[in-house]
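**Q** What follows is a structure written as structure tokens; I'll ask about it next.
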Amino acid sequence: MITMTNWESLYEKALDKVEASIRKVRGVLLAYNTNIDAIKYLKREDLEKRIEKVGKEEVLRYSEELPKEIETIPQLLGSILWSIKRGKAAELLVVSREVREYMRKWGWDELRMGGQVGIMANLLGGVYGIPVIAHVPQLSELQASLFLDGPIYVPTFERGELRLIHPREFRKGEEDCIHYIYEFPRNFKVLDFEAPRENRFIGAADDYNPILYVREEWIERFEEIAKRSELAIISGLHPLTQENHGKPIKLVREHLKILNDLGIRAHLEFAFTPDEVVRLEIVKLLKHFYSVGLNEVELASVVSVMGEKELAERIISKDPADPIAVIEGLLKLIKETGVKRIHFHTYGYYLALTREKGEHVRDALLFSALAAATKAMKGNIEKLSDIREGLAVPIGEQGLEVEKILEKEFSLRDGIGSIEDYQLTFIPTKVVKKPKSTVGIGDTISSSAFVSEFSLH
């Protein structure tokens with residue numbers, strides 16, 4: 001028998017609990033990727049003119065299959081079309097100076113904090129008031145100006161001593177790392193393509209984040225930095241390639257050993273990783289992490305390199321992502337890697353597969369969904385109390401349909417059930433029909449859930 005869950009009431013209670021607990025977290029270490037986001041809202045006429053000018057046939061080639069990196073203008077425009085056609089996000093490194101100059105001249109509508117670390121530092125430190133220590137590969141004046149006020153710190157050496165200071169107090173003069181983000185709304189039309197939902201394509205004009213450049217303070221004094229945290233969130237491994245991944249992955253492994261020795265729970269925030277060799281290396285690293293966060297494209301890409309091509313196809317063939325295929329993928333991932341917590345987010349619903357059991361897992365997911373809805377609605381969250389506004393956003397129909405499937409299959413009760421030795425947690429999310437922006441929503445979801453779950457436990 002299917003019972004109707006009172007999700008609105010659960011949302012409100014979860015928010016009350018997290019508001020009371022979240023500031024108890026004493027510190028979060030965030031590494032490694034921070035940059036500047038230059039956001040351009042795409043216009044049909046402008047994009048079509050650009051496509052015609054460089055040659056439509058050549059551009060369309062790349063709308064079928066993404067290149068590994070961007071070396072030409074047709075590759076840039078074709079990759080943007082790839083995202084529009086599927087309503088899926090993608091990010092590629094722009095290696096050519098000519099294409100970087102083309103993007104700079106194309107311009108932007110707004111500049112924002114970018115990179116998973118930068119976005120999470122502003123949210124956790126600037127909005128939630130939790131002390132964070134952020135890795136910033138290049139602290140230019142513009143980069144520093146994008147950090148919010150609050151307990152956000154970067155390590156620096158002073159007379160051989162390690163000090164933590166706000167990024168705006170840092171010595172200036174380093175380079176700008178700019179990622180150009182091409183945003184499109186749902187039903188955006190270009191040529192004969194129509195976007196099934198809002199999303200974006202990212203072209204990275206950046207010589208530091210893509211090679212996982214790590215600052216000397218973080219190489220020489222990592223243990224000292226880590227001791228000032230209770231939790232760690234690691235991100236930024238996704239642009240690495242078969243040619244350059246050896247040294248950075250080795251360093252990440254060393255950092256994880258220190259975190260594990262100190263008993264600090266580390267979460268990996270996954271992002272789409274085009275290089276399959278690197279993707280497999282990241283899967284091997286998962287046994288050193290407590291937790292991982294990913295969406296349907298990322299999950300499919302992971303199970304694919306684990307040898308499950310047909311399962312990968314099933315995960316992404318439907319919209320919203322097929323929950324039965326997703327759970328099969330999550331189960332494979334948790335069993336084969338030994339990670340203790342997986343948080344899956346997609347349009348309409350979130351799932352968690354965890355060794356830990358309890359309502360706090362669901363409450364953390366609900367809080368993170370409110371944070372995401374608020375960010376989508378407002379473009380930015382300025383203070384913790386803003387998240388109450390997310391309560392007014394309606395729950396999406398897609399998620400409620402998925403709930404019926406999962407209740408039948410796994411006997412969920414108020415979103416909680418079990419599968420083998422794990423707790424399976426489900427929530428339907430609140431869906432903003434016309435979001436102001438989609439950038440950073442995944443990072444908002446994962447960091448809010450990971451940190452609030454820890455604070456509630």
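Just so it is clear, glycine is given a Cβ too, placed from its N, Cα and C backbone atoms.
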**Q** Return the residue out of Asn260, Asn295 that Swiss-Prot annotates for the same ADP site as His345, Thr346, Val432, Gly442.
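**A** Within the candidate list, Swiss-Prot flags Asn295.
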**Q** Per Swiss-Prot, which of Asp37, Asp46, Asp149 sits in the D-glucose site along with Glu91, Gly115, Gln116, His179, Asp443?
**A** Asp37
**Q** Kindly point out which candidate in Glu269, Glu276, Glu420 is recorded by Swiss-Prot as part of the Mg(2+) site with Glu298, Asp443.
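**A** Looking at Glu269, Glu276, Glu420, the one Swiss-Prot places in the Mg(2+) site next to Glu298, Asp443 is Glu269.
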**Q** How far apart, in angstrom, are the most distant Cα atoms among the ADP-binding residues Asn295, His345, Thr346, Val432, Gly442?
**A** 18
**Q** Highest CB neighbour count within 10 A among the binding-site residues Gln116, Asn295, Thr346?
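**A** Compared across Gln116, Asn295, Thr346, the most Cβ atoms within 10 Å surround Gln116.
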**Q** Roughly how many Å separate the Cα of Glu269 (Mg(2+) binding site) from that of Asp37 (D-glucose binding site), to the nearest whole number?
**A** 18
**Q** Using C-alpha positions only, work out which of the binding-site residues Asn295, Glu298, His345, Gly442 is nearest to His179 (D-glucose binding site).
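**A** For His179 (D-glucose binding site), the spatially nearest of the binding-site residues is Gly442.
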**Q** Gly115, Gly442: which of these binding-site residues has the highest Cβ count within 10 Å of its own Cβ?
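**A** Sorting the candidates by Cβ neighbours within 10 Å, the top entry is Gly115.
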**Q** Filter the binding-site residues Asn295, Glu298, Val432 down to the ones within 10 angstroms of Asp443 (D-glucose binding site), Cα to Cα, kept in sequence order.
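**A** Those close enough: none at all.
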**Q** When the Cα-Cα distance from Gln116 (D-glucose binding site) is computed for each of the binding-site residues His345, Thr346, Gly442, which gives the smallest value?
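**A** Answer for the nearest of the binding-site residues: Gly442.
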**Q** Provide, as an integer number of angstrom, the distance between the C-alpha atoms of Asn295 (ADP binding site) and Gly115 (D-glucose binding site).
**A** 17
